[in-house]
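Novice: Below are the structure tokens for one structure; questions will follow.
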Amino acid sequence: MTFALGQRWISDTESDLGLGTVVAMDARTVTLMFAASEENRVYARNDAPVTRVTFNVGDVIDCQEGWSLKVEEVLEDEGLYTYFGTREDTQETAIVLREIFLSNHIRFNKPQDKLYAGQIDRMDNFVLRYRALQNQFEQHKSPMRGLCGMRAGLIPHQLYIAHEVGRRHAPRVLLADEVGLGKTIEAGMIIHQQVLSGRAERILIVVPETLQHQWLVEMMRRFNLHFSIFDEERCIEAFAEAENPFDTQQYVLCSLDFLRKSRKRFEQALEGEWDLLVVDEAHHLEWSQDKPSREYQVVEGLAERTAGVLLLTATPEQLGRESHFARLRLLDPDRFYDYDAFVEEEEQYAPVADAITSLFSGEKLPDEAKNQITELLSEQDVEPLFRIIESDSDEEAKASARQELIDNLMDRHGTGRVLFRNTRAAIKGFPKRNVHLMPMDIPQQYTTSMRVSGMIGGKMTPEARAVKNLYPEEIFQEFEGEDSSWWQFDSRVNWLLEKVKEKRSDKVLVIASRASTALQLEQALREREGIRATVFHEGMSILERDKAAAYFAQEEGGAQVLICSEIGSEGRNFQFANQLVMFDLPFNPDLLEQRIGRLDRIGQKRDIDIHVPYLKDTSQAILARWFDEGLNAFAETCPTGRAVYDKYSDALIEMLASGDVSNLDEVIEESAKMNKELKSQLEQGRDRLLEMHSNGGEKAQQIVEKISSTDGDTNLVTFALSLFDTIGLNQDDKGENALVVTPSEHMMVPSYPGLPYEGATITFDRDTALSREDMHFISWEHPMIQGGIDLLMSEGVGTSAVSLLKNKALPVGTILLELVYAVDAQAPKRSGITRFLPKTPIRMMMDARGNDLSPQVEFEGFNRQLSPVNRHLGSKLVTSVQKDIHSLIEAGDALVEQKVEEVRKQAHQDMQQSLNAELERLQALKAVNPNIRDEEIESIEEQIKELTGYINQAQVQLDSLRLIVVSHN
């Protein structure tokens, strides 16, 4: 291949990029700029997947300025073409057009050229291509796009929040659901929608160090989003590729600590030009008016430079209104600038909440409530609605009038658009916790080793001593060596063996603080009783943990017991189990809540049993009593636990380190009192209005119904299997709704998108995918389907075919020509064009006279009457009627224009309807709710203008065609 600057080439693999221009070359590579889609590509010079663009005499070509030229002569000079000819619009002759000025939007790879050249595809490939176009079109138009393909149960409040926020331009919100309600999943769904719609291409997730793997796994397992963890080591490696290591990946995950410690890395992250920033555990960002913490400043710096920001926090505002304000200030500093003004404004929402409560109850509205509503909304808006509510209209009309009032009030509610918070109290469907505390005698061996350790302990801080005393088995091993079998005499192990045997039919999750303890417990279960158990700890790779989790999840032949270490269990959920054993206790209430949260989550079908075996007169006994009597943390979620712990931690550490429990009762009593006070403050301050808004009510149910109606789509299964067949993947039925798909030697391409080298087990069933983490959940949004469709399109599979129609009612040799056109607007993905004008297939069925029969001849039914022909015979048939085909394509091209106009018109209508409604709503709200940002309104106005241009320029192209010949035998 010889390249020269200014030459025009087209990509073989990505024909939708438009026409490319050579803009740079060196000895090994060539760079092409595709102006139509605002993309650049760098290829290896010797095997670049591109084709040189040359036109011949008689062709009509478009210039960038919008006029067309009919070519009469072509000259080549130093590798560049110049075209001479007549302008189509002014009829001027001897016009010169150099190839550098050719329109960027020109397309190639005509299916008719393939047909004439005898490159005839199989009939079933033509069918697959048409179905791919059809399905892709429907998926892009679906308002639920981005929500159907995730591996998660359909939980109304999560879907509502994700749907509400995911569609916004550059969303800036605070997700503050209580523990166990699935904030990570909500954030993942929002990210997924933003990625699919093209609104977010570069994403940075900042989390505490211990949660990095959890996020990595959740994003990959649930949403097929592959993030890269960045730490110092990774940045040094990446430096070889780019000056700023953050530029080497689109999806980056790093810890807050990493950015805090290194100013250099923080500054590089600031220059990363992110579209979306996600910060987990945002309640750890300390802020006060005089002195914000370094962590807070790091996040503030990133939030100022990033359009979209999601903050996740589990702490309710009543425990720290100031810190709550600080979080909102990160999202919108112009709006939340003064803490005192914020407090005052918050207090004005009480009447809104009262008004909404009376609307929700469905009772007659008292005058007081009416006056409050009229004050908040303008009179002309509410009067007609009041009339409907009080008239004898049918219940449905009343309900919808009520809902409209509620929606309007919600919109005007101060933080309704910025803050979402669901509480367990407001969401039903949580299991009951049955707590079993079991004090046990301490073995003599432990008493001795702990006494000796105390005597020779040397200088240790009280905190280190307190932690050490919690794990007597480790102290024993310090004296007796790592291999000492403490599990032969530990009374907790004896109890555990009996419990597991007693619960033969139940899955048991055991959590211990240390990985070494977990490994030795597995050995004890195996060697002493032959019980099938598997281990899960931080020393294992993600793949090994997946395998362990899958082994535990298996109904038949799986492990009965899974033993986790503290860190190993983070972020994993085992809702299918309901027996939890805490072999020891963690040091703080947050970790305790996390442990219970492995089973006690939304989606848990049964009540859970929490077993806490502990050794009498040890540190564990102190903690067990404090957690149970001081916080009631085993039986209920404990949002207040951290605040109580912070106050009494010094006293607790002192007791755990010294073993002196003389004032334990007093600490427990005071803790219980403080806990009760904080909880009642929480209950009184519950923002009912916010809860009503956050759980989405009716709307949330409708979203669930829409998505569940697409689950189990047989159309998807049929399509996926044909797709895998065509591309050449091996498929083995595994039973239980599962298939194993592996690459084969005769594949169309060296590697299949989204499929690991060793293959994958897939399922189309959501419930199976939820209980088996080792399976891929296949939906229309999965990379294996999306990538497969892109592959079909780019490889030109099924663009031309020939079929026979056995029908004695028609004369032998009658021909029909099936034409499939695609209307496509070339525009950057982030413009949001696919919502209104995705690639749209238009099918036409031309008879020999040039009439379109497609309205009478439905695709699937007609296709069943056809039979395939081999390539040799097909080629002969094409040659014999080539002239007719040519004139039928011309007739089709003329007829399709009108249909394209209809498609454009519909796209305009959809776009205007959707965006104008949103624009009017925001403009009306801006007058009463300062939470509407100017950028949001400007962005929609800009989007309407941009999209109008793109839709007007949408082009139609013949995508594929099939010649059909009538035969009688």
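Along the chain as shown, the residues are counted starting at 1.
Cβ from N, Cα, C; glycine included.
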Novice: Would you please say which range out of 12-15, 280-283, 912-915, 932-935 has the annotation motif 'DEAH box' in Swiss-Prot?
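Specialist: That would be 280-283, the stretch labelled motif 'DEAH box' in Swiss-Prot.
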Novice: Just counting, how many other CB atoms are there within 10 A of the CB of Thr184 (ATP binding site)?
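Specialist: Result for Thr184 (ATP binding site): 21 other Cβ atoms within 10 Å.
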Novice: Quick one, of the binding-site residues Val179, Leu181, which Cβ has the fewest other Cβ within 10 Å?
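Specialist: Candidates: the binding-site residues Val179, Leu181. Fewest Cβ atoms within 10 Å: Val179.
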Novice: When secondary structure is assigned with DSSP, how many helix, strand and coil residues does the motif 'DEAH box' (280-283) contain?
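Specialist: For that range the per-state counts are 2 helix, 0 strand, 2 coil.
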Novice: Taking each of the binding-site residues Asp177, Glu178 in turn and counting other Cβ atoms within 10 Å of its Cβ, which one has the fewest?
Specialist: Glu178
Novice: Please state whether DSSP places Thr184 (ATP binding site) in a helix, a strand or coil.
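Specialist: Helix, per DSSP.
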Novice: List, in sequence order, the residues of the same chain other than Asp177, Glu178, Val179, Gly180, Leu181, Gly182, Lys183, Thr184 whose Cβ lies within 8 Å of the centroid of the Cβ atoms of the recorded ATP site.
Specialist: Ala314, Asn422, Ile602
